[in-house]
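So that you can see what the record holds, here are the features copied from TrEMBL:
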- 74-100: repeat 'ANK' (REPEAT)
- 108-130: repeat 'ANK' (REPEAT)
- 178-200: repeat 'ANK' (REPEAT)
- 279-406: domain 'PGG' (DOMAIN)
- 348-371: transmembrane segment (TRANSMEM)
- 383-406: transmembrane segment (TRANSMEM)
- 426-447: transmembrane segment (TRANSMEM)
Amino acid sequence: MEVNSLLELYKAAMSGSVSTLTTLLQNDSLILHKVSLTSFTETPLHLSALAGHLDFTITLLNEKPEFASQLDSLNRSPLHLASAEGHEKVVQALLAANPDACLVFDEEGKIPLHLAVMRGHVGVIQELIRVEHDSIKELSNGSETVLHLAVRFNKLKALQELMKWVKDDKLLVSPDLEGNTILHVASMLKHLQIIKFLLSVSRIKALINALNFKGFTALDLVEHCPQDFRSLQVRDILIKAGCKRSTDQTMEDPPTPWKGKFMSVLRKCDKYLMKNRQDWIEKMQGTLMLVATVTATVSYQSATNPPGGVLQQDTMTNISGVSCNDPVKGIKSCDAGTAVLAYEWAEVYLFFVGCNTACFVASVSVVLLIVGGAPLQNKFCTWLLTIAMVVAIMFMSLAFLQSLLLVTPGHIFQDVRKMYHISIKIWIGLFGFVGLVATIRLLRWILIHLIKFKRRLTKQTKANAGQIISA
């Protein structure tokens, strides 16, 4: 019986039957409170507001005003639905019951004003802004102003109404996520009447040469679109109004001497470092895999078959005849299968093991990066791959030199030691140079992109702020 009554309530909401609602309330005074116990995603007020049943809506609000603040499964209030449908009188009733609903965002990041603007309901726009003027400043989905929405949906009358309420020029300057002003959007979508209206507003015309984040003016966007008769009309209107291409503007300040020298040096370094590059890292992928595999194999073999070999059987003395028994280190004997020279020159052998291990880890890392499908066109991955190979080869070289010291006889040890130090200095310098070049390439790429971004931001700021101030 209760379920049937609730179904009758929702049917009455859809048809707007106030008499049915009155009868249901007489039979069960708590029926409106029982709506929250159902599985329906909307309240009866959502349905009546959507359908525009004013009398039914007013009766519901008198009986249960809390309905005005309840949201459906898409986080929409009854005010969202009435605003989207343009039911002005219903909107007035809902605003009287809950004016705070003006600033409630639905699942798509829109408030009631956004929906009213998208559908061009001028009367509803007036009511919503009158009750909550700050709603005009709210962004749709965090990216578009109400002016952008009016332009994008080609609602000229809604745009004209909004312009009456806009007092802050910052709203006119405000760009979308791509840096496009409302004139950019209107030109790109070829809305002729809206373009003419925008250019008739002095505050908008002052921004006619504004640049978006890609450095394009409204005229640039039109010329980049597929050309048809409407594009030619838009282009003609913009040119007559004084709109220029970005390449025709001299927006930037002349560079200071230090800035000019810095950019010149940067360009020379860029030209030198990138000469004949041609994505060499991709072409050398197979070679890198081969080299990494070889270095990993060499380091593995060096670990299992170290310089000087391994002991074939347990013994109580090392090769110098010194006893292996060392109570301090917990050593009782020289065990079979262990490195011979580890007992003779422990510190030197440990350094050899460290270099060999570093070489093996770096080599295997390179193999994993390549096999794992690391994006080699990415500059950071290229740098990481290069540094890993430098580390692998450098430590393999150090392990080789260390193994030479371990197996060199005493009568020529000093001569080999001199060659050892000279070789280390040369190799460290060479490896450091290679690593530095790779790092400079990465830093150059980062710096170039930062400079480009700063340049675009400066252009856009000057276009959007400087021009309106001068106007």
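Note: Cβ is positioned from N, Cα and C throughout, glycine not excepted.
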Report task. Using a Cβ-Cβ cut-off of under 8 Å, list the residues of the same chain that are 6+ residues beyond the ends of the transmembrane segment (348-371) and lie near it. Result -> 285, 288-289, 292-293, 295-296, 298-300, 302-303, 306-307, 339, 341-342, 381, 384-385, 388-389, 391-393, 395-396, 398-399, 402-403, 405-406
Query - Taken over the repeat 'ANK' (108-130), the model's mean pLDDT - result: 96
Report task. Using DSSP, tally how many residues of the repeat 'ANK' (108-130) sit in helix, strand and coil. Result -> 17 helix, 0 strand, 6 coil
Query raised in the report: Taking residues 6+ outside the repeat 'ANK' (74-100), which of them lie with a CB under 8 Å of any CB in it?
Result: 43, 45-46, 48-50, 52-54, 57-58, 61, 65, 67-68, 106-108, 110-113, 115-116, 118-119, 121, 123-124, 127-128, 131-132
